[in-house]
There are 2 protein chains.
Amino acid sequence: MSLTILGCHSATPRTSAHPTSQYLEINNKRFLIDCGEGTQVQLRKYKIKFSNINHIFISHLHGDHFFGLIGLISTFGLLNRKNDLHIYAPTGLKEIIQLQLKTSNSWPQFDIIYHELKNDQSELIFDDNKVEVYTVPLTHRVYTNGFLFKEKIGERKLNINAIKENPEIEICDYQNLKNGKDFVTKNGTIIENKELTFDPNKPLSYAFCSDTVYKPEIATIIKNVDLLYHESTFLKDRQEIAATTKHSTAEEAGKIAKKANSKQLILGHFSSRYTNLDLFKQEAETVFDNVVLAKEGKIITVDNKTFATELTINQ
Amino acid sequence: MSLTILGCHSATPRTSAHPTSQYLEINNKRFLIDCGEGTQVQLRKYKIKFSNINHIFISHLHGDHFFGLIGLISTFGLLNRKNDLHIYAPTGLKEIIQLQLKTSNSWPQFDIIYHELKNDQSELIFDDNKVEVYTVPLTHRVYTNGFLFKEKIGERKLNINAIKENPEIEICDYQNLKNGKDFVTKNGTIIENKELTFDPNKPLSYAFCSDTVYKPEIATIIKNVDLLYHESTFLKDRQEIAATTKHSTAEEAGKIAKKANSKQLILGHFSSRYTNLDLFKQEAETVFDNVVLAKEGKIITVDNKTFATELTINQ
């Protein structure tokens, strides 16, 4: 699983501070999360293929989370994209996108499939054989969701040494073993599956939570998540403005990570009021140990065997 | 008069190729022309004060000319702008902007005054004591205007040496002299204005023409313009695609400059198909002498005494 930060700042884009957007690869599926102005340029900068983007999740309809979407869609059109594009977003986005395509008479030749979100309860919104995605209802100034991405449990892994000791097992039996079935020999002896296979890799999960007030109820939904991105627009020195604007502080983000028993916390959506971002890490670390700061171009990779996390800066 | 190029490429924004936007200072008035995605970041990069932008002209509703506008308006809102914002754009833009402000519940505290353009004839759309702006009807795939910015003729300039020779002339008479009035002495002698003043600076003009097919009729509207920006999306090797997509070639841009008797031609809106942009200059120079290539950060200054043009690169 790897997460590339394309933008991690709040409000207005600046030369080296882009608004929210992330690119997630999980179990060989790829997702774009939020799409602030300039996201298409960030995708190019970090060499992410446009053809990898078939599913876009938009948390809420504030500009710093979706103003880049119409430009990305237009570019897909100019590049002669053919694949369907799925967009998971609050009700209202479809009208905004369709109005602009209509006004500019620039209908793309691919289909846009809008999955309009309006539920206040967590719901399953994407489900295939590898990944499922749930909404994480958040509380902000407009209707907002976070998203929980979960790998599905994979096939069991063949224990080739054990299999070799049973010459009756043929290659055509392997899929049954991977699916968890026991093996029955010609003379009727049952060899239990667990003697021939190893457990599959433990499925990984990622939760994206931006923008929101401190909302401890979400910990239940994202319980035991491997990687948690939680907004921390402010430090607790601005607790009051955080409450007024329905944002979180770094300490609150740390509390959510702790309550959810997350393995790692990524902080982002920093207000431009702050120049020393290390203070965010320090504040969150007062309540939760494993904290990293989002940074444009940072790639956070989680290995699903060792759960070790690796950071790369892609500049 | 000075023109700053914020973006001069067609279609999709890339890391170092922004879509159309220009900032014009003329006779101490300031105008933003077109506003492709990322324009607000370009304004910051080239240190143009947001408070200088009170009048925005949008040529047409293709994304590479207006997708940055909603983000700029939102940023104005976040920065607590109070001044009215005037937007001159084709019918349709108002609905797009208002829908997004409504959906995100982000009404700005300043007023946006939409001047909706739909006329197919050139019309005066801005007029104050310093500058007037006319539309230049263009022909593209959607309704499109160029814009002609003209300084108004200024006051006559005092000839201080001549004035000193006439001790009866007091400071309180200066404004009448600047306004062109003759001076009458106590004994009734008339001193003609032209003996006491110099001609005002010749008013300058700038024409912005993008996007359009080759349309020689516009030469009449922009006749004798000092500075002409004309799109040249293609070279003549792609004359056919230029015609199909309703764009111009560099040679055609040169022909317009010649026919309009422009003093200088700036080329822009280059297709990403071309890597060697010098070819555009060479092609236009086969029909018109004074050609420069638009480039992000380039400032083209025209002196209204000498008409000399100066180029600066602001990187």
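Yeah, the Cβs are placed from backbone N, Cα and C, and that goes for glycine too.
Any TrEMBL annotation is an automated prediction that lacks curation.
Values in this document were obtained by computation on a predicted structure and should not be read as measured data.
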Item to check | Residue in B:Asp211, B:Asp226, B:Asp237 which TrEMBL records at the Zn(2+) 1 site where B:His60, B:His62, B:His140 also bind | outcome: B:Asp211
Next on the checklist: Using a 10 Å cut-off on CB atoms, tell me which of the binding-site residues B:His60, B:His62, B:His65, B:His140, B:His269 is the least crowded.
Outcome noted: B:His140
Checklist entry - Taking the Cβ of B:Asp211 (Zn(2+) 1 binding site) as the centre, how many other Cβ atoms fall within a 10 Å radius? => result 26
Item to check | binding-site residues near chain A, Cβ-Cβ under 8 Å, from B:His65, B:His140, B:Asp211, B:His269 | outcome: none
Next on the checklist: Between C-alpha atoms, which of these binding-site residues comes nearest to B:His269 (Zn(2+) 2 binding site): B:His60, B:His62, B:His140, B:Asp211?
Outcome noted: B:Asp211
Item to check | CB-centroid shell, 8 A cutoff, Zn(2+) 1 site B:His60, B:His62, B:His140, B:Asp211, site residues removed | outcome: B:Ser59, B:Leu61, B:His65, B:Leu138, B:Arg141, B:Val142, B:Thr144, B:Ser210, B:Thr212, B:Lys246
Checklist entry - Near the Cβ of B:Asp64 (Zn(2+) 2 binding site), how many other Cβ atoms are there if near means within 10 Å? => result 29
